[in-house]
Structures are given as structure tokens and as C-alpha cells.
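**Q** Below: one structure in C-alpha cells.
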Amino acid sequence: MNNAEILKHVDHTLLKPVATWDDIKKICDESIEYNTASICIPACYISRIHATYGDKVNICTVVGFPLGYSSTEGKIAETKQALADGANEIDMVINISDVKNKAYDKVTEEIRALKEVVGNKILKVIIETCYLTEEEKIAMCKAVTEAGADYIKTSTGFGTGGATLEDIKLFKKHIGPNVKIKAAGGVSTVEDLNMFINEGCDRLGTSRAVGLLKGEETQGY
């Protein structure tokens, strides 16, 4: 797979808490130059990006990030504001405590509530695989499918681990046919980029892809 094809799968990501406007502009400029699938950035920058770049960049942001503890009502409010400001894609974090309490129906209903707000735009559901058992991961595949979300996403990049090939294979067995997969966290080499795409991931969340494909040493999400 050539570099251009890889980058079409990349959500070019900058979610570090110290991100400046200059950092954000660099991500936007790179996304335009290299035709990445989207930029994934903090919600506080959406309106400024939209005012500066218009439709030249596809804006993705995060909701309930990174711990997922916000109430459903809070996540809905975040989502509505993000969409109003110009976001086209929402990456939400589930309430992991609900999963641990086996309140799977509650998780499903929260995802469904956010998908109703997102409508025909894209909703990705971060399940933070590093904290879940195999049984819980399978339950979340079912929840994401039943709730009508567009993607299941492995990780925030802020947990104790990121995407693994084993989790991608597990997802493929248990998600519905309309659900796509996003790998994030630990996508840190060119080999990783190719491996996850070849395994069936439609999106990759990483801050490193552009640098890696340019042959640069990079650090980040």
C-alpha cells in the first residue's frame, strides 16, 4: 500500500493537553497537504479551525474524553456544541464503570442517544480495550452494533495500552456488518500502519503517520 492510500485511513490526531494554536495549524496544514481522512483535535479549537480553514479539513473531536465519566446528558451537550461549531465526526468514550458493573444496556442506550444527536454524521465509540476483559470487549461489540454507531475504536491513547492485533481480530468476529473499526494508541511504526489497515481497520488514530511516512523520528499518540 502506498503512502497516499495509508493516509486516507488516518485521523491525524493532536489531543495532548498542551496543544497550542500553532500545533493545531500544523496538523490542519498537514491534513490538507497529505489528504488524511480527518483531523482529530480538542473541541475548544473546532470553531477557530472552521473559521480559518472552512471545509478544507474534516474535523473530528472527542466527547467524554479521556475517562468517559461524564453523564450522558453532558456528553450530549458536548456533542451538540461540537457539531454546531463545525465538527463532522465524534469520537465518544463509554463509561467504563458501567461496563465493569455489567450495565451493558446502559452503555448501549448512551451510545444510541449520542447517535441520535450525531445523525448522518459519524460516531465512533471508544471502548478503551486495555481495561476490558474479552467478555466485556465482546459485549461492547454488541452494544456498538445495536446502538447504530458507525465505528468501534480501541483506545483513547491515554490509557495503559493501545490497539492490538488480537483486539482487531476479536472485533471483526463480533461487530455487525455496518460497523467499522478504528485502531488508536500504539500505532507507532510504518509496519503498524500497514498491519492494522490490512487487518481490516478503516481508520487509524495517530499523531505520527505523516512523520513516519516522511521518514522522520516521531513521538506521540
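A Cβ is built for glycine as well, from the same backbone N, Cα and C atoms used for every other residue.
Predicted, not measured: the structure shown is a model, and the values here were computed from it.
Pulled the feature table from Swiss-Prot, pasting it below:
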- ASP91: active site, proton donor/acceptor (ACT_SITE)
- LYS153: active site, schiff-base intermediate with acetaldehyde (ACT_SITE)
- LYS182: active site, proton donor/acceptor (ACT_SITE)
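I'd like to know what surrounds each of these features in this structure.
**A** ASP91 (active site, proton donor/acceptor) has a Cβ environment of 28 other Cβ atoms inside 10 Å.
Long-range Cβ proximity for LYS153 (active site, schiff-base intermediate with acetaldehyde), meaning a same-chain Cβ under 8 A and a gap of 6 or more residues, is found for ASP91, LYS124, VAL125, ILE126, ILE127, ILE181, LYS182, ALA183, ALA184, ARG203, GLY205.
Other C-beta atoms found within 10 angstroms of the C-beta of LYS182 (active site, proton donor/acceptor) number 28, with every protein chain shown included. DSSP assigns LYS182 (active site, proton donor/acceptor) to a strand segment in the three-state reduction.
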**Q** Secondary structure at ASP91 (active site, proton donor/acceptor) (DSSP, helix/strand/coil)?
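**A** It is in a strand.
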